[in-house]
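**Q** Before I ask anything, here is the structure I am working with.
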Amino acid sequence: MADTEQGQYHYAYAVASEKWKKSISFCVGWTSIAGWLTLVTTEGFFAAQFFSAAGVVGSNGSYEIKPWRTYLIFLAILSFTTISNLYGNRILAKWNDLALYWSILAVIVISVTILATSDKNDAAFVFTNFSNETGWSDGTAWILGLLQSGNASPPLSLIGFDAACHMTEEMPSPSRDTPRAMIYAILVGGVTGVAFILVILFCLTDINTVLSTSTKMPIAELIYHATGSRAAAVVLTVMLGVCFINGTNGCTTSASRLLFAMARDKGMPFSSYFSTINPKTHVPSRAVAFCFVFNVLFGLLYLGPSVAFSAYVASTTIFLNVSYALPVLILVIRGRDVLSAEKRAFSLGKYGYFINCVGIIFVGVTSVFFCFPAALPTTSSTMNYVCVVLGIFGIILAGIWTGNGNKYQGPVFAVILGVDAQQRRGEELVIPNEKNASEISTGE
């Protein structure tokens with residue numbers, strides 16, 4: 001992995017042809033930024049909703065969930081994670097490690113608890129019973145349910161793989177550690193996500209009660225229904241809420257690093273303002289502040305029609321997945337021989353082309369299905385408007401390109417060579433010769 005915070009838009013620049021590398025990397029970069037900014041909102045509101053659900057359970061229903069109350073909880077969480085990113089840079093790495101362990105612990109504790117206390121469905125119900133009330137064909141309903149469950153299972157296990165990429169300039173061995181972190185995230189998220197879904201299915205004996213809960217979070221109602229204890233339900237629901245606070249913190253870190261990198265490359269308005277590092281905290285403070293303001297404003301969508309906020313949240317997965325797929329698609333089209341021939345710390349070897357193709361197909365198919373409404377027939381209040389969000393993003397992206405495209409020259413040359421990262425870590429400055437400067441090992 002090249003040790004720059006640009007992540008996939010750096011990779012797109014490295015593997016694209018000379019004619020297209022500027023425009024393609026610009027689009028990939030802003031698509032990734034959009035994904036991470038919206039993911040901050042998504043994680044933050046998940047946390048707020050879990051804490052609201054805990055309030056309902058703990059108060060025996062006397063606490064009433066209202067959108068403005070949930071929004072205020074979201075603001076408190078967003079403020080906490082923003083302050084942590086501004087002044088807690090030294091502990092972020094350890095925090096992220098603890099967040100991983102906390103997520104695994106939460107899944108294990110909740111799973112063991114509800115398995116031990118609830119009535120059970122049999123294996124036939126879990127693995128063979130199929131209830132389709134969506135109006136879609138069984139095959140389409142199965143795919144939609146699979147995608148929705150994969151992204152709803154803690155902690156959003158099908159997206160956010162690139163988080164480690166945006167911290168590479170702060171890693172001692174990014175070429176080795178970044179690919180490992182990405183693979184471990186997929187393995188841990190996939191295994192815990194699938195296991196948690198199976199546990200829920202075995203314990204989901206009263207579907208109507210769980211789905212009609214006043215907590216607005218069915219998992220909280222399921223825990224209370226299983227344990228019969230308000231105290232236990234509150235504690236376990238709060239554990240899930242903390243998972244998403246950790247997620248909000250990590251997403252803020254990734255989003256701010258991406259914004260800083262794009263500003264450093266003069267790819268956004270007021271680049272000189274947002275491309276600075278606080279000399280005391282060594283953090284891109286203005287980029288962190290931008291992330292905070294963005295989410296305060298777009299979080300207001302939660303107070304409006306639910307379809308607007310749902311479309312905004314749904315766009316997260318599409319933005320991120322497209323940003324992952326485009327560099328790989330370019331690599332497949334141009335051929336994997338555009339990668340450096342030098343030995344890399346991580347390589348897919350002879351399986352690279354096959355894995356690349358599978359990834360592209362997966363993203364293409366799932367991105368289309370994420371635009372489908374959850375059920376048929378649709379009304380104005382049940383339609384999936386994520387395509388509208390994507391269209392608005394396209395217009396904004398075109399505007400930014402019109403205003404800053406002539407200034408944007410791609411990732412900073414010194415950063416591509418590893419100069420800036422070496423200086424940050426206090427290493428001896430080593431500049432490769434110009435001939436090999438474009439041979440960036442992406443580990444794709």
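Cβ from N, Cα, C; glycine included.
Because TrEMBL annotations are produced automatically, they should be read as predictions rather than curated entries.
These figures come from a predicted structure and were not determined experimentally.
What TrEMBL records for this protein is below:
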{"type": "TRANSMEM", "residues": "27-48", "note": "transmembrane segment"}
{"type": "TRANSMEM", "residues": "68-87", "note": "transmembrane segment"}
{"type": "TRANSMEM", "residues": "99-117", "note": "transmembrane segment"}
{"type": "TRANSMEM", "residues": "181-204", "note": "transmembrane segment"}
{"type": "TRANSMEM", "residues": "287-305", "note": "transmembrane segment"}
{"type": "TRANSMEM", "residues": "311-333", "note": "transmembrane segment"}
{"type": "TRANSMEM", "residues": "353-376", "note": "transmembrane segment"}
{"type": "TRANSMEM", "residues": "382-401", "note": "transmembrane segment"}
**Q** Using a Cβ-Cβ cut-off of under 8 Å, list the residues of the same chain that are 6+ residues beyond the ends of the transmembrane segment (287-305) and lie near it.
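**A** Distant contacts of the transmembrane segment (287-305): 37-38, 40-41, 44-45, 67-68, 70-71, 74-75, 78-79, 82, 85-86, 252, 255-257, 259-260, 263, 274, 312, 381.
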**Q** Are there at least 3 C-beta pairs under 8 angstroms linking the transmembrane segment (181-204) and the transmembrane segment (382-401), leaving out pairs fewer than 6 apart in sequence?
**A** no
**Q** May I ask whether the transmembrane segment (311-333) has at least three C-beta pairs under 8 Å with the transmembrane segment (27-48), counting pairs 6 or more apart in sequence?
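**A** Taking Cβ pairs at least 6 residues apart, the transmembrane segment (311-333) and the transmembrane segment (27-48) are in contact, with 3 or more under 8 Å.
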